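These come from TrEMBL:
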BINDING   Arg22, Glu84, Arg123, Lys458  (6S)-5-formyl-5,6,7,8-tetrahydrofolate binding site
DOMAIN    220-379  domain 'TrmE-type G'
BINDING   230-235, 249-255, 274-277  GTP binding site
BINDING   Asn230, Thr249, Ile251, Thr254  K(+) binding site
BINDING   Ser234, Thr255  Mg(2+) binding site
Amino acid sequence: METDTIAAISTPMGEGAIAIVRLSGPQAVSTAAGLFQGKDLNNVDSHTMHYGKIIDPETGEMAEEVMVSVMRAPKTFTREDIVEINCHGGLVSVNRVLEIALAAGSRLAEPGEFTKRAFMNGRIDLSQAEAVMDLIRAKTDRAMDVALKQMDGRLSNLIHNLRQKLLETLAHVEVNIDYPEYDDVEEMSHDMMEQKTKEVHEEVERILETAKQGKILREGLGTAIIGRPNVGKSSLMNALVHENKAIVTEIPGTTRDVIEEYVNVRGVPLRLIDTAGIRETEDIVERIGVERSRQVLKEADLILLVLNYGDELTEEDEKLFEAISDMNVIVIVNKTDLEKKLDLERVKELANDQPVITTALIREEGIDQLEQAIGETFFEGDLDAGDMTYVSNVRHVQLLKQAKQALEDAQNGMEMGVPLDVVQIDVTRTWEILGEIVGESVHDSLIDQLFSQFCLGK
Ligand code: GDP
Ligand code: ZN
């Protein structure tokens, strides 16, 4: 049992300006009350916030002006007493408040320990706990939305229902094994087993299909801007980055430090692929050769192909169309301020029903339409999934794949006439695997491993 009181700095999502020291545990309120000059926190109502000062007991000096929230168990995130000390004085002062809280007898929380307690105390299940982790990492509003939905327990509900279905079937087979003399029960068991495993299999496949989208939402829609030199690729990139707040992340450990840029276009997170390359050499195809560029294209989820309105279509343009024929493409006909030389009809033919947008980037024209097209491609095409439950967690995907395999083993067995009590083994395995997603058959070491990935203070 963990009954000590833990403390850590817990910044709100997206690293806001306010920093919070969070305490959780039976001594949370009394510890905070001992440091706080203001109302007696021991006697305030639960879920109230109070203005006051944190006093360093050692020196008796004021350390920080704060707002303190007191939340008593069980209606808290961890189901323990929680105190949150909101500091507005930046990192130095928040660290000082934490030090004071630790000196007063609380223990520094391990990464993810608050969430772990929430899980241990039955406040959230494992998939919800993991959603918290995704939430911390979420790069865009959309991604955050998915994480929130998952936290709401949508995936958990689905998995619970599937497990229930399997359990009922298993119970039915059990009866059959215990009372083999009833032939009609045997019949029914077999049909039921076939039917239910089919249903669950379909549902697992459906959930797995959302994995790709979940990944996209979390990691960004891999987007490559391609086109001949001088058509306006850099201008397009700059327009997208300029109009939308870009998040730049450096990925260490790659041969050269690739800089990825994320832009959030109408809720669609774009991860602009190899932007450094495009910027440096102006021509990705020339720089890395046709073969390699095909490779880059393969990894993209969306292609923005730029053409020049003031130029005739070249053989190279046609080749580019060929290379991306089976991908998500938006064609951008740029430089519409110039005299028309491009055969637009031919372009539309080559675009093969994919959107064709005209722009004059130099005049900042057409960017809105482009952004709308990007939004539509993602949310209204076959990628649309407004009320789908996304799986966006690698561990969940892995487990769902295992569950799918186990179900297929069961189905193959039934087809080959394997006795039901043997088929039952595969179905039981499926039930167990699905249970791991919601943390109902997980052993301790896995739990520790999972929670240790969390950020401190969550
Ligand atoms: P890239 O080589 O494909 O990356 O093309 P750039 O974005 O570097 O643009 C090449 C040139 O075309 C630059 O001089 C831009 O200012 C110019 N350019 C970009 N967009 C337009 C446009 O809409 N109209 C005109 N006339 N020029 C443009
Ligand atoms: Zn350029």
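Every residue, even glycine, has its Cβ placed from backbone N, Cα and C.
Note that this is a predicted model, so its numbers are computed, not measured.
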Among binding-site residues Arg22, Glu84, Asn230, Lys233, Ser234, close to ligand 2 by Cβ (under 6 Å) are Lys233, Ser234
In whole Å, how far is Arg22 ((6S)-5-formyl-5,6,7,8-tetrahydrofolate binding site) from Ser234 (Mg(2+) binding site) when you measure between their Cα atoms?
45
Filtering Arg22, Glu84, Lys233 (binding-site residues) by proximity to ligand 1: which pass a Cβ cutoff of under 6 Å to any of its atoms?
Lys233
Smallest number of other CB atoms within 10 Å: among the binding-site residues Arg22, Arg123, Lys233, that is Arg123
Distance check, please: Cα of Lys233 (GTP binding site) against Cα of Arg123 ((6S)-5-formyl-5,6,7,8-tetrahydrofolate binding site), rounded to an integer number of angstrom.
50
Quick one: average pLDDT across the domain 'TrmE-type G' (220-379), no decimals.
76
Between the C-alpha atoms of Asn230 (GTP binding site) and Arg123 ((6S)-5-formyl-5,6,7,8-tetrahydrofolate binding site), the distance in angstrom, to the nearest integer, is 57
Across all the protein chains here, work out how many other Cβ atoms are within 10 Å of the Cβ of Asn230 (GTP binding site).
13
Give the three-state DSSP assignment (helix, strand or coil) for Ser234 (Mg(2+) binding site).
helix
Tell me, by DSSP, whether Arg123 ((6S)-5-formyl-5,6,7,8-tetrahydrofolate binding site) is helix, strand or coil?
coil
